[in-house]
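One structure is given below, encoded as structure tokens.
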Amino acid sequence: MGLSYSHGISVLELIIYLPSFFLAAFLVFRHGLKTNAGALFLVIFTLVRIIGACCDLATISHASTGLYQATAICSSIGLSPLIMACSGLLSRANESIKRKGGSPINEVFFTALRILTIVGLILCIVALSRGLTVESLQHPDVKIKIGMILFLVAWAMLCFLLAILTLHRSQIEKGEHRLLLAVAISAVLILVRLIYSMLAWFLANSTFNILNGNMTVQLVMSVLEEFGVVIVCIAVGLTLRVGAPIEEEKIQHAPLAPEGPGYWRNNVTLEAQRY
């Protein structure tokens, strides 16, 4: 089998995601999981995309059902880590409001968003792991459809959290506002990617088919959107400060302790002890 359109897209994915994987790993090392958990999901996403691209390229010399199934499973994992990465960026902005003494969003909403996304991912993986045939593509398992609906609800919740934080952007620390812009751009791209997946599983026609559908449509509605989200999130992550800016500002602007009568007495005592 020669190099096809699909294989060319896989090569392009390797070109983009290999350096992105190392950059995302660097962000995890630099910021840690507490202040930039979104980078961890970028590491997971890029790794999954690298594995999926390698499986697709492996079909050139050995076209097997297992490789196609692995490629499909890796493709289905795309939405979950991207939504979780954006959730991590919003969580950092929310922590910024908390440090500044504002009114942050209750963490329950972020937890609910993550649970929805994880459940949707599990349903898709379970459905696809049972086998990928022409029949299963024409009549997809109901678990996949439920998973897609959960992703849609998770995306709507992500936009809701983004809107709330945008209304409270004045309470966010200096230098952290760019998080909201990054998530806003990513949310639009994720929506296009989500629409593609829903069309693929709900319409089940020749254009939106994860195995042999129109590759140009897949490139425009899925692959490029994923590129955009990863690039935007990593670019913003590289510009963020390490640690909590508000704490540094408090230290820099903290008033000096008053020099009362005891100050000079204690200072003289300390100087005498040196000798």
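Each position is counted from 1, following the chain as shown.
Glycine too: its Cβ is placed from the backbone N, Cα and C atoms.
TrEMBL entries are annotated by machine, without manual review.
Annotation source TrEMBL lists domain 'DUF7702' at 3-241.
According to TrEMBL, the transmembrane segment annotation covers 6-28 (among others).
Residues or ranges marked as transmembrane segment in TrEMBL: 40-60 (among others).
Within the same chain, residues 36-42, 44-45, 48-49, 51-52, 55-56, 58-59, 110, 113-114, 117-118, 120-121, 124-125, 128-129, 131-132, 144, 151, 154-155, 158, 161-162, 165, 179-180, 182-183, 186-187, 190, 193-194, 197, 210-211, 222, 226, 229-230, 233, 236 sit at least 6 positions outside the transmembrane segment (66-90) and bring their C-beta atoms closer than 8 Å to a C-beta of that stretch. The annotation transmembrane segment is assigned in TrEMBL to 66-90 (among others).
The annotation transmembrane segment is assigned in TrEMBL to 111-132 (among others). For the transmembrane segment (111-132), same-chain residues at least 6 beyond its ends with a Cβ under 8 Å from one of its own Cβ atoms are 65, 68-69, 72-73, 76-77, 79-80, 83-84, 87, 140-141, 143-144, 146-151, 153-154, 157-158, 161, 211.
Per TrEMBL, the feature transmembrane segment maps to 144-167 (among others).
Feature annotation from TrEMBL assigns transmembrane segment to 179-204 (among others).
Nonlocal intrachain contacts for the transmembrane segment (216-240), taken as residues 6+ away from its ends with a CB within less than 8 angstroms of a stretch CB, comprise 5, 9, 12-13, 16-17, 20, 23-24, 27, 31, 36, 38-39, 42, 45-46, 49, 78, 82, 85-86, 89, 92, 175-176, 178-179, 181-182, 185-186, 189-190, 192-193, 195-197, 207-208, 210. Residues or ranges marked as transmembrane segment by TrEMBL: 216-240 (among others).
Pairs of Cβ atoms less than 8 Å apart link the transmembrane segment (6-28) most often to 40-60, out of 40-60, 144-167, 179-204. Residues 76, 78-79, 82-83, 85-86, 89-90, 92-93, 137-140, 144-145, 148, 151-152, 155, 158-159, 162, 165-166, 169, 172, 210, 213, 217-218, 221-222, 225-226, 228-229, 232-233, 235-236, 240 of the same chain, all 6+ positions outside the transmembrane segment (179-204), place their C-beta atoms under 8 angstroms from a C-beta of that stretch. Mean pLDDT of the predicted structure over the domain 'DUF7702' (3-241): 88.
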